[in-house]
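*Asks:* For reference, TrEMBL lists these features for the protein:
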DOMAIN    32-451  domain 'Major facilitator superfamily (MFS) profile'
TRANSMEM  33-53  transmembrane segment
TRANSMEM  73-93  transmembrane segment
TRANSMEM  100-118  transmembrane segment
TRANSMEM  170-190  transmembrane segment
TRANSMEM  196-218  transmembrane segment
TRANSMEM  252-274  transmembrane segment
TRANSMEM  286-309  transmembrane segment
TRANSMEM  321-338  transmembrane segment
TRANSMEM  344-369  transmembrane segment
TRANSMEM  422-446  transmembrane segment
Amino acid sequence: MEDVDEFRDDVIPIKPNPVLEICIVFKVYKRRWFILFVLCLLNCSNSILWLTFAPVADHSAQFMGVTLDQINWLSIIYMVVAIPLSFGTTWMLDTLGLRITLVLGSWLNMLGAVLRFVGIMRSLPSAANFPVVMGGQTLCALAQPLVIFTPTKLAALWFPEHQRATANMIASMSNPLGILIASIFSPMIVGTTNNIPLLLFIYAVPAAIICLLATVGIRDSAPPTPPSASAESSNSEPFQEGIKLLLRNKAYMILLLCFGSGIAVFTCFSTLLEQIMCVRGYTNDFAGLCGGLFIVFGIVGAGFLGLYVDKTKKFTEVTKVNMSLSALACIAFSVVSQMRNQGIAVAVACSLFGFFGFSIYPVAMELSVECSYPVGEATSAGLIFISGQIQSVIYILLLQGLTKPMAYSPFSTCSVGGDAALSWRVPVLVMAGLFSVFTCCFVIFFHTKYRRLDAEAQAGGKKTTLTTCDSTSNSDQK
């Protein structure tokens, strides 16, 4: 002991280099782009399966011998199933991890797509067609929350602070891209009711390929080392405690209700567009074109917003401005869609609605994480999605209940046997009114701090240091 004491004064402590420490702790990996790619494909495929029948609702009803309301339930089932399942999905993402969630979602998506195709085979009794197709659609619906909650989680776990909003935007916009594909290609493929089997087969093939990619290619839920300070503390709050914190968070609850209403309005628009427009003499092809413009301009707007928000971090300002402009576009659509021979005006209204509306989604999901940190990303984003699904079911049933049979509809292009065409004048005005009310509430009452960004600043995760690390040997590890 005496010998040790003699040398104790000669020991020189080595102070850690804070820059070197951050470079060691925070890394990014190339395989994050592959996981993002698979998630985009899966999200796109699932949304295609969701709205397969909506653009060709009349043909689908005639082929399976059911009513339009029953065809609408092929879309509504997504919302009904997602509501109870979403709580389990948020727990799964924050507890079991990203890989298990995505692989399970890809298998459910593939099995549902295959079962839908089997359901319309001629070997089955005609009375069994719709129930079997509904069974397949239900499996696809089970996959939706497993897929749609993951963008914020993936961005938080695999991407650095200056890429999170962009990664979230890319993953989130793959969902409307699937809606775009369904809106354009479903009417093109179907043409006549005899092509419904071909439609379901074409949509089942990508689902099988994506299932293979997810099962074989995704090997880890999180990288070996985190890309940011907040990724280190992801899921720091237990699931149940996180729910309690969210319910006591005033800003989050306002976002939950108001943006959930926006999700519901966009779901109604995508699901009911063809039925709303065919009564006024617009063809399925034109309705598909309007749905396509709605998505394309939404993706373009989201691209601009994602890059802008990544640089400025103005989540709240961007969400408020775009929700306000979306409400105005929704009002314009509710008016011009009830006029005949106004194709250009309808197309412009749909384009603006998509540009300002769809582009909000990834920004609002990031905002939900910022105002609720340190609650897990899947929990904060998932509850907003649940709110949107619950309100979607209510809105669709409400709008359907407000329709009235038209005694005289000489211009209608809807082909549903001998059923009378339905007037959507009152429902679309109600839809625009609800969206406007919730938008006003959000603009007036929503205020929040960016808790995740503040936590990262306090943790010393400076952007200049992280950028230095990204540009050296520690960046884009295999």
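A Cβ is built for glycine as well, from the same backbone N, Cα and C atoms used for every other residue.
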*Asks:* Give residue numbers and ranges for long-range contacts of the transmembrane segment (422-446): same chain, 6 or more residues beyond its ends, CB-CB under 8 A.
*Replies:* 251, 254-255, 257-259, 261-262, 265, 268-269, 272, 275-276, 279, 316, 319-320, 323-324, 326-327, 330-331, 333-334, 337-338, 395, 398-400, 402-406
*Asks:* So what pLDDT does the domain 'Major facilitator superfamily (MFS) profile' (32-451) average out to?
*Replies:* 84
*Asks:* Decide whether the stretches the transmembrane segment (100-118) and the transmembrane segment (196-218) have at least 3 CB pairs under 8 angstroms, with pairs required to be 6 or more apart in sequence.
*Replies:* yes
*Asks:* What stretch, picked from 33-53, 73-93, 170-190, 321-338, 344-369, has the most CB pairs under 8 A with the transmembrane segment (252-274)?
*Replies:* 344-369
*Asks:* Before we move on, state whether the transmembrane segment (286-309) and the transmembrane segment (170-190) share at least 3 Cβ pairs under 8 Å, counting only pairs 6 or more apart in sequence.
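*Replies:* Contact confirmed: at least 3 Cβ pairs fall under 8 Å.
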